[in-house]
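> Below you'll find the structure I mean.
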């Protein structure tokens with residue numbers, strides 16, 4: 001980045017988000033100890049936000065050209081003397097090299113921005129370790145969840161939240177002012193004991209996606225093996241036909257819709273189980289089992305993976321006619337018909353089945369696309385709760401019903417054709433219908449007036465077996481109290 005680019009602000013200085021009580025801190029002098037990538041990005045962002053920056057380095061002459069011209073690059077001792085708020089942008093193993101500055105750092109605010117290479121790599125967090133080395137300083141943990149790229153490009157291109165924790169409220173407020181002036185949204189995470197959790201956040205790889213991904217992979221392997229046996233192994237054993245060429249495209253394309261369809265039904269199955277639990281126990285205050293609670297929390301990821309598999313299925317289906325094997329089969333079929341002198345091979349039932357099958361599939365994919373788009377935070381934040389619930393719940397269930405019609409249209413009457421059973425194994429689509437049909441049937445039952453009203457009362461706080469007091473007027477005009485069960 002050139003010096004001109006460094007001097008040009010990336011964002012305006014107006015504060016549009018965050019706590020309005022936090023006053024802008026731009027104009028004060030901020031110290032940065034370190035000359036690595038993060039330290040350079042931090043200095044650039046601070047300069048562009050209107051701060052005076054003093055960078056402390058062990059080799060200031062060699063490192064000066066890496067920082068913006070507006071930042072002063074000097075020795076660490078000089079940098080510490082010129083500021084009261086200092087960002088410590090060095091690795092944990094190098095904290096001890098700063099011990100010689102302990103007397104100068106006394107009473108100053110140290111902002112620890114470091115991270116570890118492994119989750120819970122040390123018994124104590126980096127911030128707590130830094131505080132133990134400099135007990136006369138006030139240590140604040142912050143800015144470790146923000147990448148160097150986000151600092152350089154501006155908060156608009158990354159997560160705007162800056163997680164902050166410290167045992168000193170005034171120090172947290174000072175750092176929050178700096179973060180807000182830089183265009184970020186400070187989030188108070190409490191005392192220093194939260195530093196370990198904050199340091200683990202950047203090291204987690206898609207924590208909410210692990211279970212859904214393993215679930216999708218497990219379903220894919222099961223359906224892939226099932227389809228491999230039916231489409232490849234069976235003809236090879238029974239008819240000595242080599243159809244292993246089907247594995248890369250046809251078998252995968254048969255597997256993907258099965259996974260997408262079952263995953264979509266698994267989005268709505270935990271809601272059915274939760275409703276059954278509430279009806280059975282007659283209360284909404286009984287906690288769900290841990291496995292059901294986890295299932296409910298992962299519905300968004302399961303739905304997005306369902307859409308991903310459905311989109312891949314659509315692409316694979318469009319590519320089916322492009323295969324060389326398909327062309328050979330068309331030519332072979334044409335030659336066979338010419339030899340047999342068949343002039344008309346039009347089958348009205350098959351034509352209608354495929355037309356309806358493709359049309360319903362396109363509608364189902366369109367609804368899944370809408371569900372996926374509305375799951376994006378930028379879209380979801382623009383919707384009120386009723387709109388979001390309508391899309392995710394009502395339209396989602398409609399997508400499940402249309403996907404079921406898509407599957408039934410594909411099967412048509414094949415489930416009753418004995419030639420479709422390979423090794424006595426039914427067609428794959430018949431297996432995929434089990435869970436979705438159970439969900440649809442349960443939804444229909446829950447919509448019956450008698451059950452729907454009872455479920456609605458429970459979700460509004462009514463409890464079975466709870467006694468409530470009531471007051472009745474007596475014959476003399478006086479009132480007498482009593483009690484009755486709320487389930488009467």
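Placement of Cβ uses the backbone N, Cα and C atoms for every residue, glycine included.
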> Transmembrane segment per TrEMBL sits at which of 236-257, 302-323, 324-345?
302-323
> Tell me which of 178-198, 388-408 corresponds to the transmembrane segment entry in TrEMBL.
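When 178-198, 388-408 are checked in TrEMBL, transmembrane segment belongs to 388-408.
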> For the record in TrEMBL, which of the ranges 154-172, 211-229 is the transmembrane segment one?
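Going through 154-172, 211-229 one by one, TrEMBL flags 211-229 as transmembrane segment.
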> Per the 3+ Cβ pairs under 8 Å rule, pairs at least 6 apart in sequence, do the transmembrane segment (388-408) and the transmembrane segment (211-229) touch?
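When sequence-distant Cβ pairs are counted, the transmembrane segment (211-229) does not touch the transmembrane segment (388-408), since fewer than 3 lie under 8 Å.
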> Could you please provide the mean pLDDT value for the domain 'Pyrroline-5-carboxylate reductase catalytic N-terminal' (29-116)?
93
